[in-house]
Amino acid sequence: MDVTQSNATKDDANITVTPWPYTETAAAFIILVVSVIILVSIVGNVLVIVAVLTSRALRAPQNLFLVSLACADILVATLVIPFSLANEIMGYWFFGSTWCAFYLALDVLFCTSSIVHLCAISLDRYWSVTKAVSYNLKRTPKRIKSMIAVVWVISAVISFPPLIMTKHDEKECLINDETWYILSSSLVSFFAPGFIMITVYCKIYRVAKQRSSTVFVAKNGLERQPSQSETCFVRKDKFEKESPSSNSSESNQRQEELDDIDLEESATSDNKPKSSRFSNRRRVDGARCCPQRTCRISWVSSQEQSSKQLAVASKTKVAQMREKRFTFVLTVVMGVFVLCWFPFFFTYSLHAICGDSCEPPEALFKLFFWIGYCNSSVNPIIYTIFNRDFRKAFKKICLLDCAAHLRDSCLGTLGRLNAKCIFECHQKSNQEETAN
């Protein structure tokens, strides 16, 4: 929200514009820094979008929030920051009152949408933690897209007033500076969503802490599960058993003992085996267990069951660890967003309450203003530093682009050099895909 006043003055017939507020060196430095911010914002957030849409590890429905958030940051970098930079360097608004109204509305829209996105993400995480089974079944792409649409509608409603409350002046672009509007817009656009985010993440932390204190440990890592077919206790001397091991010493050791076996019974008139699952084990007689049927008795292989259970447990653990990493990353994103925008909104609101008595220095206020814009370029950096899945996806995207350029250059070579180059390109791409 640009509240920088212009240095333009009007005479009766002519418009006299004061010199630029910065020296050439200072202006060049500011342009360079802001250009880097714009470039990082666009490239980084485009990478985020491509990574979420193409990486298998990032294709969860809830990550669509990150795609929408990245789109908002790209729009800030393309439709807001360049005009703010021009207004800052020249010292007056050059683009007319009509675009000024749209510019201020877009500024409020994208800033508000960013924090409302983070608010929606925090609620999504909270529901996934507190209502894991029921909510995760409802956590479909369609539902997430509906939530994203609501986020943008809320942001659009909040950003509508600047279109009708802008001061119409060809040489300055100022938003409504009335106290009621400053306080209400700051409350709705920042403080209220920020309070909701912080409260929700505190609850998530509390729930996670309670769960981590309750640990269920099964002996040997797994509990014994009943087999899919009927499980009986049968005396060894009444049946001829097929055991994986025909060792005589093992047979002597098991003799006259009641052992847990897997009974697969098939009727002579049926080709398909009939199996039934019993939750309670029963002690039965051999004749009652298989009356006039072809019976095959084999020892239960706990190794096969254990391997299946380990595979399921491993997948569940990987999903839980990925969810924890993402929750941590989003906590960092939320914290950085608050740190970037809090100084601006605090001084903006404080000035509306106290007036000139607590007005911050102009240079400090401008610094807070531009720190808020820097947030658009920070999220991709956070994803890269703190999340391994994003790091792998970014690396894969960059390497694939590099491999594509190498292939293009290979097409210009001849003979064996061409074939060798193409082979190396494919090899690098395949190695990277295998590693991921």
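Using N, Cα and C of the backbone, Cβ positions are placed for all residues, glycine too.
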In Swiss-Prot's disulfide listing, CYS173 is paired with one of CYS71, CYS100, CYS111. Which one?
CYS100
Could you check Swiss-Prot and say which of ASN14, ASN247 is marked as N-linked glycosylation site?
ASN14
Going by Swiss-Prot, do TYR22 and ALA363 end up on one side of the membrane?
yes
Counting only residues 6 or more past its boundaries, what in the same chain has a CB within less than 8 Å of a CB in the transmembrane segment (179-202)?
1, 108, 111-112, 115-116, 118-119, 122-123, 125-126, 158, 161, 165, 331, 334, 338, 341-342, 345, 348-349, 351-353
Under DSSP, the topological domain 'Cytoplasmic' (124-144) has how many residues in helix, strand and coil?
18 helix, 0 strand, 3 coil
Structural state of CYS100 (disulfide bond), classified by DSSP into three states:
helix
Since the record lists CYS100, CYS173 as disulfide-bonded residues, which of them has the fewest other Cβ atoms within 10 Å of its Cβ?
CYS100
For the transmembrane segment (65-90), the distant same-chain contacts (Cβ-Cβ under 8 Å, at least six residues beyond its ends) come to 2, 4, 6, 20, 22, 27, 30-31, 34, 37-38, 41-42, 45-46, 48-49, 52-53, 99, 103, 106-107, 110-111, 113-114, 117-118, 120-121, 124, 144, 147-148, 151-152, 173, 366, 373, 375-377, 379-380
Helix, strand and coil residue totals from DSSP for the topological domain 'Cytoplasmic' (53-64) stand at 9 helix, 0 strand, 3 coil
So which residues does the topological domain 'Cytoplasmic' (53-64) touch in its own chain, when a touch means Cβ under 8 Å and the partner is 6 or more beyond its ends?
121, 124, 128, 139-141, 143-145, 148, 322, 389-390, 392-393, 396-397
